[in-house]
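Trainee: Sequence annotations record features per position, and here TrEMBL assigns domain 'AMP-binding enzyme C-terminal' to 163-243.
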Amino acid sequence: MYGNGLRAEIWQPFVERFRVRIGELYGSTEGTSSLVNINGKVGACGFLPISPLTKTMHPVRLVKVDDSGCILRGPNGLCIACNPGESGAMVSTIRKNNPLLQFEGYLNIAETNQKIIHNVFAPGDSCFVTGDLLHWDRLGYVYFRDRTGDTFRWKGENVSTTEVEAILQPVFGVQDATVYGITVPHREGRAGMAAIVKAVHIGDSDDEFVDSVGARLVASLAPYAVPIFLRLCDSVDKTGTYKLVKTHLQKMGYSTSADPTHKLYIYDPRLSKYVPFDDNIQNQLNQGTFAI
């Protein structure tokens, strides 16, 4: 069975239950290259050979990025390639004389230019930027880590939305979950918010459900990575390939009036639990007097 996006936490149980072999793919419709994991390495989305030839002949490479996801360059002005055991942004070579490595671009020229970087590994070359952060382990397997625009900073630390989502998704009663950062007045960085779709068959009240979710988050994550807010939703918008769309939720911020059907909670460090978000807390947050 081949596909993409199979979560690592359900990979092995899925294989054992249905007795199938899994082949995991990574790529995009418009991209110039792809990766594939054909031997069932749990969690890996592909493989890059650990060989000197990879640096000169393979069209796919990982390059180093800074904390904000921007690609780093060395003193020579070229990108800095990742070594096995490191994480970076995936780029793939563009070659106009090779039909397999051509990038035709989008109708919008500005969007096309955002996906292309020049002078990557040699003066004058070009690469397609996937916009994803991947990890290349010391055996050559490649693992998806996050979208470069999704990682955010909070309390001086980088928070991986994918890591937080991986903690949420196995929780009993969580049907869908997506994590993102939002701005809060008088605070540097972005505070984490998790939008959660609660399964309809759960008998627990919303407060009881949030207590169980909060207990897992606090037990499994570093304090800076625990989402400040939880938003219970009836549904979350999805793309045609079933990816959760965060942009509309991000625009809502912590507004309680953006969608009256949603229930909002905030983590209160004094109580070490999530409490319902009300107008009083919102006023304190706006004034910078509520501790988060």
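Heads up, the Cβ atoms here are built off N, Cα and C, so glycines get one too.
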Trainee: As a test of reading the model: what is the averaged pLDDT for the domain 'AMP-binding enzyme C-terminal' (163-243)?
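Mentor: The predicted confidence over the domain 'AMP-binding enzyme C-terminal' (163-243), as a mean pLDDT, is 90.
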Trainee: Quick one: DSSP breakdown of the domain 'AMP-binding enzyme C-terminal' (163-243) into helix, strand and coil?
Mentor: 24 helix, 23 strand, 34 coil
